[in-house]
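Enquirer: I have a structure I would like to understand better, so I am pasting it below and will then ask my questions one at a time.
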Amino acid sequence: MPGGDMAKPLLGRRNMESNPDLAPPAGRTIGILGSGDFARSLATRLVYSGFQVVVGSRNPKRCAGLFPSAAEVTAQVDAAKKTDVIFVAVFREHYSTLCDLTDVLAGKILVDVSNNTEINHHKESNAEYLASLFPACTVVKGFNVISAWTLQSGPRDGNKQVLICCDNQEAKRTVTEIAQVMGFTPVDMGSLSSACEIENIPLRLLPAWKIPVFLGLGLFLCFYTYNFIRQVLHPYIWEQKNKFYKIPVEVVNSTLPCVAYVMLSLVYLPGVLAASFQLHYGTKYRRFPDWLDQWLQHRKQIGLLSFFCAALHAVYSLCLPMRRSHRYQLINAAVKQVMEKKTDAWIEEEVWRMEIYVSFGIMALGLLSLLAITSLPSIANSLNWREFSFIQSTLGFTALVVSTLHTLTFGWTRAFDENQYKFYLPPSYTLTLLVPCTVILAKIFFHLPCIHQRLQRIRNGWEKGRYVKFTLPSATGEYSSGESSSNV
């Protein structure tokens with residue numbers, strides 16, 4: 001076997017001794033039917049997790065050199081006889097080739113690790129199909145969401161969760177213990193009918209990112225078209241100046257901050273709407289509308305896309321002086337200054353504006369970087385809830401405020417200059433201020449003492465119009481029932 005991470009035990013001897021529950025039972029033998037990439041990776045990880053492994057192959061002599069030396073490679077029928085837990089690492093199309101082993105496999109646990117090439121490609125899941133072929137066996141679905149690379153390098157470099165489902169609780173417990181010994185985190189998904197959903201998971205391409213990506217692309221196209229009309233089309237029509245060279249860099253660079261700024265505000269806008277719903281209905285137990293619920297669930301992805309656009313804006317801005325067009329403009333400005341016999345082009349107001357503008361931009365990008373880093377599972381898991389909430393909520397809102405100051409200093413007094421309104425269209429940065437300023441004002445409103453206290457009471461369980469039963473002592477000393485509104 002080659003060296004490296006693949007040759008290192010996932011659980012060291014010291015971990016086994018300190019936690020005996022993680023050690024595999026003495027003499028536990030695991031069988032594997034199949035000799036593909038996944039079967040080889042699975043055999044390697046099982047061997048270095050302390051199990052005895054026997055691999056069943058149709059050509060054991062040819063495949064023996066591909067597996068760890070500690071694993072026994074033999075014929076399929078011999079492998080099936082030597083163990084009670086067998087991983088079926090073959091494609092669904094080849095299940096029928098195992099029918100000759102029906103009598104040998106009777107009463108054993110078969111772990112189906114297969115996946116399909118398309119979502120819902122078959123009417124029934126692969127695991128259910130395998131169970132129908134071998135009714136005398138107990139079929140467990142699991143390990144299909146784990147890649148061969150993760151098995152080779154260990155769960156520290158991949159997803160640690162192993163989704164498991166089965167109709168037999170004892171068989172499910174056995175496979176769960178195997179997953180734990182291998183260092184993975186088993187997740188009980190219920191009965192075998194859940195296998196279809198589990199098999200679809202590896203085939204989905206970033207399902208949580210579709211709506212945020214389409215939202216970001218939509219905003220980008222809208223702002224890009226708007227900036228193209230103002231920066232390129234207007235000079236071409238009104239002044240007969242060719243400004244089409246701005247399309248690749250300048251128009252993109254003026255569009256990216258608009259998208260980043262608006263998407264950052266869209267991260268905190270659903271929280272404002274949720275608080276408004278709770279105040280209106282006077283309870284936290286009423287479900288939000290589906291669109292708002294979906295919006296709340298996609299805030300992480302929207303925030304990361306906001307950081308991505310802001311980072312691209314920073315890179316584009318640093319590259320602006322490197323362009324040939326910028327150098328020509330500097331030379332032309334210098335020649336014009338010489339022709340007009342100006343010795344000093346210094347404008348104090350513009351200098352201060354740019355200094356403050358750049359400073360706020362750097363601070364905003366730094367805060368967005370912190371938000372992006374802490375959203376990673378490996379970092380978020382190292383924080384307690386108060387720390388995570390402080391960074392994502394308090395510092396996130398601070399980033400929105402700093403971004404607003406960044407935008408305002410960029411606009412300065414130019415928002416009131418009629419020359420800035422091309423085709424009577426306002427500058428794009430004035431449009432981007434609408435949603436963020438609404439969110440900031442709403443946040444300030446919700447932090448007013450009277451509003452904040454009512455909102456906290458609702459989130460602590462108080463409900464408007466709820467009646468609470470209580471008992472009062474009578475003259476005879478007995479207690480009688482009554483009702484009282486919780487509003488009192």
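Every residue, even glycine, has its Cβ placed from backbone N, Cα and C.
Features from TrEMBL:
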DOMAIN    29-116  domain 'Pyrroline-5-carboxylate reductase catalytic N-terminal'
DOMAIN    258-401  domain 'Ferric oxidoreductase'
REGION    1-24  region 'Disordered'
TRANSMEM  211-229  transmembrane segment
TRANSMEM  259-281  transmembrane segment
TRANSMEM  302-323  transmembrane segment
TRANSMEM  356-376  transmembrane segment
TRANSMEM  388-408  transmembrane segment
TRANSMEM  428-448  transmembrane segment
Enquirer: If I take every residue in the domain 'Ferric oxidoreductase' (258-401) and average their pLDDT values, what number comes out?
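Expert: So the average pLDDT across the domain 'Ferric oxidoreductase' (258-401) works out to 93.
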Enquirer: Give the residue counts of the domain 'Pyrroline-5-carboxylate reductase catalytic N-terminal' (29-116) per reduced DSSP state, in the order helix, strand, coil.
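Expert: For that range the per-state counts are 38 helix, 23 strand, 27 coil.
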Enquirer: Within the domain 'Ferric oxidoreductase' (258-401), count helix residues (DSSP H, G, I), strand residues (E, B) and coil residues, in that order.
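Expert: So the domain 'Ferric oxidoreductase' (258-401) is made up of 120 helix, 0 strand, 24 coil.
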Enquirer: Same chain, outside the transmembrane segment (211-229) by at least 6, Cβ under 8 Å from its Cβ: which residues?
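Expert: Here the qualifying positions are 247, 251-252, 254-256, 258-259, 262-263, 266, 294, 298, 301-302, 305, 309, 422-423, 425, 428, 431.
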